[in-house]
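Shown next, in structure tokens, is the structure this report addresses.
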Amino acid sequence: MSMASSSLATQSFFSSFPLSHRLHFPVPYLLLRSSFFRKPLSLSATSPSSSSSSPSIFLSCFDDALPDKIQQPENSTINSEESECEEEDDEEGDDFTDPILKFFKSRTLTSESTADPARESKFSLQKNRRTSWHLAPDFADPETEIESKPEESVFVTNQQTLGVHIPFESGVAREILELAKNLKENQTLGEMLSGFERRVSDTECVEALVMMGESGFVKSCLYFYEWMSLQEPSLASPRACSVLFTLLGRERMADYILLLLSNLPDKEEFRDVRLYNAAISGLSASQRYDDAWEVYEAMDKINVYPDNVTCAILITTLRKAGRSAKEVWEIFEKMSEKGVKWSQDVFGGLVKSFCDEGLKEEALVIQTEMEKKGIRSNTIVYNTLMDAYNKSNHIEEVEGLFTEMRDKGLKPSAATYNILMDAYARRMQPDIVETLLREMEDLGLEPNVKSYTCLISAYGRTKKMSDMAADAFLRMKKVGLKPSSHSYTALIHAYSVSGWHEKAYASFEEMCKEGIKPSVETYTSVLDAFRRSGDTGKLMEIWKLMLREKIKGTRITYNTLLDGFAKQGLYIEARDVVSEFSKMGLQPSVMTYNMLMNAYARGGQDAKLPQLLKEMAALNLKPDSITYSTMIYAFVRVRDFKRAFFYHKMMVKSGQVPDPRSYEKLRAILEDKAKTKNRKDKTAILGIINSKFGRVKAKTKGKKDEFWKYKTNRTTSPGRHRS
């Protein structure tokens, strides 16, 4: 039996579900206020609308009765306590409105929800705190370590709900697996199952699907499912479909998921939310985000109600599709209005969405309200928050979140330590990173490649410590860890900063020999090494290699190239790099022109500087203090004080004044030149006035002594007059 003749012939998924509605979200700008920061918190990267009459993007805060499926508590005592809390909250929040807090406070707890825990204040994140800390030797509650990301935990939860990991004990399933392993080239599994009609049950079919999927025989799973559907009675079950959707999603076979979904039996048992959760998860894993959204919309049309797993998967899907945190929040509100219960995975996805956009304060609000509703944060949520603050270079907040997590009895994972080590590597504190690595091992956590990469980076960022970075690299290889592209990039950068461009290039060649593909960051580090050494030949060679390998450079890459060529007087090559900027869709920045000006000034090409300033104006680039300072020093160097004073005046008018120390030095030079210029001008003016009024003394010419050559005091050459 071939696939062409099977019932899995290509059909349109949309023939069964007329889905035409797409994601449409309102555009208005969203402002939040955080209880931790008394200032407006933006949920959008765009500027706020000037119109004050724009509609609110938030839905109603559910002042009306909840849906029928959710029972409201009838205890009058609880209601009175809630009303008192609401009155206190209203008194505290009269001066501002926080839509997130208002949403959470408006939600009525269901009878199945746990009571709110005691109010816990956030850890105090003080400024100017010490950067050193000590980890407690043990924890209150040794929980199971969770290393996965939020979306991975949702995927695992969905699989456990579907029963994918439930152990089986069946010899029939193993026989089917052996048949799948021993299929010949033109055979299908369905052709080999002629003797299994009365031997296998629907539970054993699910077991066979799981075993074949784990062994990589996904196509055989499709033929086996077709065979199951053709049996009388049919062996196809919602559980089998769920397992198959999960396996197809792993292999990114989204078309088969849609095909199977459109041909589901018209039975009530197949209208199972777990089945549709698996389909949405599989489509999301295949990066078919629009199709995943349409499946979710189809659920409502066939009266399949979403649950908390649906909500968690959908939040992760929207985030991966590039939707903003504002849009994700709207979906969460709508699903909450439908009576979907909240879970740890739902809030973990929300926190991740907000952190990815840099909305850390809003993510903290969500995390705090989550715990007040009885949903405890896990290690993954804290790792997400710590990583967001680390990327913003707020190491004190990272420390505070780590201490708060530890105080709550949560066990740090290897990912937690990697975030901490990366934070201290940014601060160029390798000693603390070494301490973290030892404490990590003492707690039984095995350092991974990222852990050692943070250590290499910490040494590499510190000048003259490339030998320690190389030692950390060798330690990583000694424990059996294979270096990654990031590891080699950190090592190359360490050599580059220390001036060892030969070692940097040797590491680059070793990386290529080991079959590790260099990233754009790796190429940029190698280019930086030769830029520092002034080797324009190697600079050009690496650049051409990048173009051959079709590696798209970043703005940092092009700025490195430009600076390397321009400082060596290769202005034509530097201009070619600027041209490549435009081809890649990258407009030159102020830093780009600052580098060009510095190179032209050092090369004695000060006449080119006003032209570069005009080019900046044509590109709507506003010169900064570095631009003006470069031009002023260039003209002072060639004693063109008139232009130096002119651009100093422009700098002051534009408000682009450098830092106090640099400006004090610049002012001292200009004032000294001004005094010298004033003295010369004063002497010249006095000379002109005296000449006009005839006050200039005439020079008297003395009478020439005709015997001057016979004066005794005149020096004569030795030996000229000899007796």
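Heads up, the Cβ atoms here are built off N, Cα and C, so glycines get one too.
Listed in Swiss-Prot:
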COMPBIAS  81-97  compositional bias 'Acidic residues'
COMPBIAS  713-723  compositional bias 'Polar residues'
REGION    70-97  region 'Disordered'
REGION    700-723  region 'Disordered'
REPEAT    272-306  repeat 'PPR 1'
REPEAT    307-342  repeat 'PPR 2'
REPEAT    343-377  repeat 'PPR 3'
REPEAT    378-412  repeat 'PPR 4'
REPEAT    413-447  repeat 'PPR 5'
REPEAT    448-483  repeat 'PPR 6'
REPEAT    484-518  repeat 'PPR 7'
REPEAT    519-553  repeat 'PPR 8'
REPEAT    554-588  repeat 'PPR 9'
REPEAT    589-623  repeat 'PPR 10'
REPEAT    624-658  repeat 'PPR 11'
TRANSIT   1-44  transit peptide
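Here the repeat 'PPR 7' (484-518) has long-range neighbours at 449-450, 452-453, 456-457, 459-461, 463-466, 469-470, 473, 476, 525-526, 528-530, 532-533, 535, 538, 551, meaning same-chain residues at least 6 beyond its ends whose C-beta is under 8 angstroms from one of its own. Beyond its flanks by at least six residues, the repeat 'PPR 11' (624-658) meets 590, 593-594, 597-598, 600-601, 604, 606, 609, 613, 616, 666, 669-670, 673-674, 677 of its own chain at Cβ-Cβ distances under 8 Å. Here the repeat 'PPR 10' (589-623) has long-range neighbours at 555, 558-559, 562-563, 566-567, 569, 571, 574, 578, 581, 630-631, 633-635, 637-638, 640, 654, 656, meaning same-chain residues at least 6 beyond its ends whose C-beta is under 8 angstroms from one of its own. Within the model, the repeat 'PPR 7' (484-518) shows a mean pLDDT value of 92, rounded to a whole number.
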